[in-house]
Each structure stands twice: as C-alpha cells, then as structure tokens.
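The compositional bias 'Polar residues' annotation in TrEMBL covers 14-29, 714-727. Per TrEMBL, the feature domain 'ABC transporter' maps to 46-313. Marked as region 'Disordered' by TrEMBL: 1-36, 702-727. Taken from TrEMBL, the feature transmembrane segment covers 421-443, 449-471, 492-525, 531-555, 562-586, 650-671.
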Amino acid sequence: MEIEVAGNRYSAKSGGTSNNFRDGGSSSTYRDKMASDGGEERGIYLVWEDLTVVLPNFGNGPTKRLLQGLRGYAEPGRIVAIMGPSGSGKSTLLDSLAAALVKLCPDFPNLLLIVFIIDLATGRLSRNVIMTGNVLFNGKKRRADAGVAYVTQEDVLLGTLTVRETITYSANLRLPNTMTKEEIDDIVEATIMEMGLQECSDRVIGNWHLRGISGGEKKRVSIALEILAKPHIMFLDEPTSGLDSASAFFVIQTLRNVARDGRTVISSIHQPSSEVFALFDDLFLLSSGETVYFGDAKMAVEFFAEAGFPCPRRRNPSDHFLRCVNSDFDAVTATLKGSQRIRDVPKSADPLANLATAEIKARLVEKYRRSSYAQKVKARVEEISAIEGLEVEIQSGSEASWWKQLSTLTRRSFVNMSRDVGYYWARIVIYIVVSICVGTIYYDVGYGYTAILARVACGGFITGFMTFMSIGGFPSFIEEMKVFYREKLNGYYGVTVFILSNYLSSFPFLVSIALLSGTICFYMVKFRSGFNHYVFFCLNIFGCISVIESLMMVVASLVPNFLMGLITGAGIIGIMMMTSGFFRLLPDLPKPFWRYPVSYINYGAWGIQGAYKNDFLGLEFDPLIPGDPKISGEFVVTNMFGVPLDYSKWWDLSAIYLILVGYRILFFIVLKLKERALPFVENLYSKRTLRTLEKRPSFRKVPSFASKRHQPLHSLSSQEGLSSPLN
C-alpha cells in the first residue's frame, strides 16, 4: 500500500505563470488572474485509490476499519458530495484527503500514514488512525503546499468582529502588499456580495454576551474567508449542519457557483433536501466505510433501481438512499418483532419492508463492485492519474509581508480585546474594586510595630493574589487560540507574528491595570513616598501580571481544554505562591528542589523581594517594647524576612522581566515543536505500529488487480517530483 500525495497548481497550458502578482495590478486584474487559473484545464484533479483507514487495537479486541479500500476522484468545476448515515466514514474520508494533501507527516515508513493531530480546531483526523492508499494531486507525487482550503463543521470565528471586519482582516493578512486599500476593499465587497452577506455585513459575529448573526450566516462567513483567496480545492465538513432548508440551499448554491469558477469542491453532507441534492454533481455514498455508490449524482437513482431498490415517486432521493444503507436499527427492529410489538405485518411489494437493511446494503455494495459504474470510475481514475506535463509551483499561503501581517493581526487582536467584556474590561473593574478594598483595609498603615506585618501582608497580597486574577482571561484566550490554529494551518501567518501581535495588543490593557491598581494601593496604603518608589511599585505589578498572562498562554498551548487549562494554570500559580517567600521564608525552603531551582524561576519570589526593598529600605518602625531603639527597614528585610541586600530592587525587577521573556520564548518553542517535532514523533509511532500490524495476516493485503501503482515502497520525501505511476 502506498500514500502518494501530489501537488500542482498549473497545467501545461499555463506555461508556469506565477500567481504571486508582486508586480502590482488592480483588484480586477488580480481576480481575473485568479479566475484564469481556475478553469477546468488549469484546475485541480484529485484522485484516491485503495484508501483504507483503520483504528488499530493493540489488545485482544478487533481492529476497526473506518474506510475500506475506497476509490474516487474530484474534478474542477464540480461538487463531490460525500453522503451516508452517521458513522459511515464521511468526515473520516474528508479529513483523510485533506490530511494527505497537506502532508502532515513528512516521512513515514513504507508510506503508512499515521495521523493523530493534537490541535482541536484544525478539523483534521483526531484519533490515532492508520491511513494507507494512494492520493494523487494532479497526477504528481507532491503535496499541495497552497491553494487548499478546509471549512470545519464548527465555525471558528472571533465573535466581537463584524462580518466585514472579519473578511477585511483576513484579506489584509493574505493578499499581496502591492494591492492598495481600495483594491482590497473591492475584493472584500465582492466576496460579501458573492456569499449574500450584504444585510449582515455590519453586524458582529456574536459570542457569549453579544447577539450576532444566524448559524447560516456564520457558515457563509466561514466559506467566504476561504474563497477570498480563490483556493484551488475546498473541503467542507457538513456545511449545512444545523441550517434550515432555505439556508442550506443557499450555502450549497454558493458552493456550486464557486465550483463553476473552476474550483474543486468536496463536501460531506448528512441528509440534504431534494433541492439541495439536485445541486451536487457527483455523489459518494458510504456505509460502514464501504462504497455503496460513486458517480454522477443524477445517475444514483438509476443505480438503485437496477439493484432492485427503486426510489418511490415523490420521495427525496437522499432519504431513500440513507434508508437503504443505514443498518443501525436492524437490531431494534428484530427486538420489536421478537417481543411481538410488531405483529403479523403482511408482506409488501416494497423490498425495504421485507429485507434487513444490512442485507440491502450488502447487495448494493456487491452490485456496485460489479457494475459498469465502478468500471467507469476505475477508468476515469487511471485517466486522471496519467496526466502529464503539469508544472509545479510552490508558494506560501499568504502573500502579505511580515510587517503587514503583524500590524493587521495587532489591530484585529486589539479590537477583539476592546469589545470582549470578559477579556480585560471585567478584570479592570475587579482590579479597581479589589484595590479599593486593599486601600481601605490597609489605609495609612503607618510605622508602628504591627505595621511591619501589615505592610508585608499587603505586599504579598498584591504581588501574589491580585496578580492571580489574570487567569480570568484564559477563556477568551482559548477562543483566540482556536482561530490561530485554523489560520496557521491555512498559512495566514506564522507563530512569531501571533505571539508579538498578542503582546502588543494586550500591552495597553496591562498598563492600565498596573497603573490603576498600583496608584490606588500605593497612595491609599501610603507605602514609602517618592516618585521613584511609585514607578517601581507599578512596574512590579505590571511585570507580575504579564508573567501570569504568558504562563497561561503556555498552558493553553499544551492543554487546549478549557477546564483542564484552568485547573493546570491555577495549580502552577498556587505552587509559585507557596514558594515565593511569603508563606515560608526563602531561607527556610527545602534546598534541593523548592529553593533551588523553583524559587529562582518563580516570578513571585523576585516580586516580593523587590516589594520589600522598595517599601522598607530607608524607613524606621516603632519597637515592640516602648523605649527600645527603633527598628530599621534594613533589619526588617534581612533579619525578619531573610531577604539578602546583595543586589538592588531593580535587579529583582529585571529578573521578573527575564522570566516574562522566558515564558514568551517557551510559548514560541511549544508552538514550533507542535508544528515541527510532531512529524518526528509520528514517524516513531508509525514504525512501532507498522511492526505490530505486519504480524497480522489481515494487513498483508495483495492488490486485487494488476496495477503499475503498486511499486517498491519509498519514503514520501523521495517521491516528490516523480511522475504518476500509471504512466
């Protein structure tokens, strides 16, 4: 078995013309050139053969086959509908083709593709499955580096932005720098009009506190984001899910128009209406991972009639097809008959009433396997696979410059933060309220002996518990991370741009929190006076809050689940508070681990030490016993709280900012490792899985027919640039 992933953007007639357009040109010229690449001669031809996906079981249980030796193709200008009952393998087939095209694993032994994607928002295969077979992209053994769009069933959008803003920001992130603002606006408006979004273009998408557009409009926005850059091939996972019949018809009609522009469209769909079904060109009917029918959608009714299961008049063909192949309720029917709840039903002329669905499905599968329809598909697959003379061009998913991506993403993120009440505004209000509470409780704390403990407790609360409230932005950040994963997969921008833009957009809000809470606490509690001490106090709060934000970003990248992320982040911050030197003095911490190295990489330890030095040094306090000498601040810091004075408070502050930079770098490394190290892990996992499966006779499959495609196995990287094996 082989996985042959091929990629090409132009036919021989294109002459290898570049699609970068970095020499400028009007928006109409841009759209004309993009459209000229989309004709049937220059479109994308996708072929899959012997495509099998299994879910291995290394225990005693059976290995589940999700897809069983599927064969099919997709051509430009046509919509392929993947249909079947729940659990039939529709999404698995769609995800398998998309995963093969983007070549998530660069090198897997014997071309056995092991797909176990961690990112939740990508819409790709999310289980440890094994995919074998042949996937050809324009007859070449190269992947599709660009021009592939994937619209997931879940609409991953920023709810605070309007429809026009969402599409405009996406256009600025991807379209060339040489295009002017007017040209980009023209393309955005044309896309809005094409998707029928004029009436809701100035309404927000909607989130937990903002009422937004309808579900059908959200689905059209998701599609608009992908057709904006005119992709050559589009995958859509149940685009009509949750929509009424009118909205579903409009969405599919729009996709039909996109396909007629020379694009290749493959969509899974659950149960379309008769009007929607009539819009599809090709139908791939699945049941339990087996092919029931593949071919012209209009000929499916004829096939079922030839098989002895004609579609009754005035019945939706898709309803009839699903009724014939959905065997999930055979056991229920048998149980009802056995319990005599279904009594002596006379035999009907309708074969569906006399046969079990499992038997009907088996007959249809066998009928198709021996039919002329399957032979036509096989011939067309070989014809498409033998395409020659296509020149390959590889380009990035975005043609915008790094600086334009950074500025655009920063503006978008700032607008999102400004409009999302839960991102920063709620925290600002809570910080103000808590700061007023702290200021009134410790108001004019004074210089008595009891004021020593009061100042320490107040400083520990501000640098520890108050900064802990920064965890409240985690839910909003999780939503932004979902958008990042989707856009990163589609090549909008890179990891560095995302990290920098997120920090730049959040900077004004973090400064506001630090200034407001710092000013209220500093002047109400009356810490050591002086502008120098006030500046340090605010910078200390700002650094601690920023570190918590960065820490939660790292947690979100490792634990994308909302609840588990909150629990993990709260646990880590709790450990930091315990080792910060407030609950137990730093010299008393156990040396092997908690003192070295935990307290040294703990922002709270440096924050509290700096706060002590900033407040106590230079002050004198009343003694416990009247008449004794006054207690100096230096004595309090060194002898009572074990803080050394070998270095200044500014070094403590610098350590906090070094930890902040370290967390940002760690965030970058985690995202990069998930992007680049994951294929290496998959490679190791695939070798182990292959060794195990090779011991099973059921996986030593021999092709059922002679084919030049089954050649000696090579790694995927060594296949790039080779011609089709069917030549």
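Numbers here mean position along the shown chain, with the first residue as 1.
Note that Cβ sites are derived from N, Cα and C of the backbone, with glycine treated the same way.
Per-residue pLDDT, averaged along the domain 'ABC transporter' (46-313), amounts to 80 for this model. Contact between the transmembrane segment (562-586) and the transmembrane segment (449-471) holds: at least three of their C-beta pairs are under 8 Å, each pair 6 or more apart in sequence. When Cβ-Cβ distances below 8 Å are used as the criterion, the transmembrane segment (492-525) is approached by residues 170, 173-174, 397-398, 402, 405-406, 409-411, 413-414, 416-417, 423-424, 427-428, 431-432, 434-436, 438-440, 442-445, 455, 458, 462, 466, 480, 484, 533-534, 537-539, 541-542, 545-546, 549, 553, 664, 667-668, 671-672, 675 of the same chain, each at least six residues removed from its ends. If one looks beyond the transmembrane segment (421-443) by at least 6 residues along the same chain, the residues whose Cβ comes under 8 Å of a Cβ in the stretch are 208-209, 454-455, 458, 461-462, 466, 469-470, 472-473, 475-477, 506, 509, 512-513, 516-517, 520-521, 523-526.
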